[in-house]
């Protein structure tokens, strides 16, 4: 178990660096800065926890009596809340009372040690209840991201395991608690990294589902059949999806609609969000080119249909078709005469 814990800690440090770097380099996707900052704080808090565990394993330092360790424990749940609230709630507004979420931070070092650690996990359980309620509100939109929900369910299971560990920690030896907690944090980093690699557009998909779940109709005075015909023309004739800079605002402008109207139109008519809709248009085009242009490289086809990177193309193709582009080409290649 010691080796598994050490490997988990090492992986956590590497994954934390990759997640921060990837977030900073994600210039194409605008992201609400309080949510982004909360994400950085969350990663930093988990990294501090893992560093404390590593210090205990190497030097025998009693982290369970460390004020820094307690603060990191109490930091995780609120930072996750502020990171995910912007993703799972529509039209988030920040108020002064939100500062109350930080109230436990200056108080936790004053708690007696037998209460400090389980108190952090008790606080985390309250935030977990909020998370369950927020995700439950999206149940009507679950058809759009079934596979993504499996990944989110895995993270939820890890969170539940962490909470159970926190509640039973008085029954465990310190060594068992620290090693088990290290492994669970490592598993959480692994699940997040794997989810982002498998579903690079998961944040956009979930955000669009949230907007659909909370929004009131904005299409009451819109000729939907006319706009759908115009959208079809832009996709089939103009192939507007081939623009790698295409976004909701640009397409809405072409249709003389607001962004909310276009988002609702796609949501209601195609039962999917804008990002998924555009990915499917690009993949359908790519499937044709893979067969009709056998001399073209897979990468060039991905760039032609609008994907900005090879990794995004491969991830989207696997998500929608179920196999890699090269494999699809081999299966549908015309045999030589």
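Note: Cβ is positioned from N, Cα and C throughout, glycine not excepted.
Any TrEMBL annotation is an automated prediction that lacks curation.
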Among ranges 178-197, 198-217, whichever one TrEMBL labels transmembrane segment: 178-197
148-172, 223-247 - the range that TrEMBL marks as transmembrane segment: 148-172
Given ranges 5-26, 93-114, 115-136, the stretch to which TrEMBL attaches the annotation transmembrane segment: 115-136
Same-chain residue ranges lying at least 6 outside the transmembrane segment (63-83) that approach it to Cβ under 8 Å: 34-35, 38-39, 41-42, 45-46, 48-49, 52-53, 55-56, 98, 101-102, 104-105, 108-109, 111, 113, 116-117, 119-121, 123-124, 126-127, 130, 174, 177-178
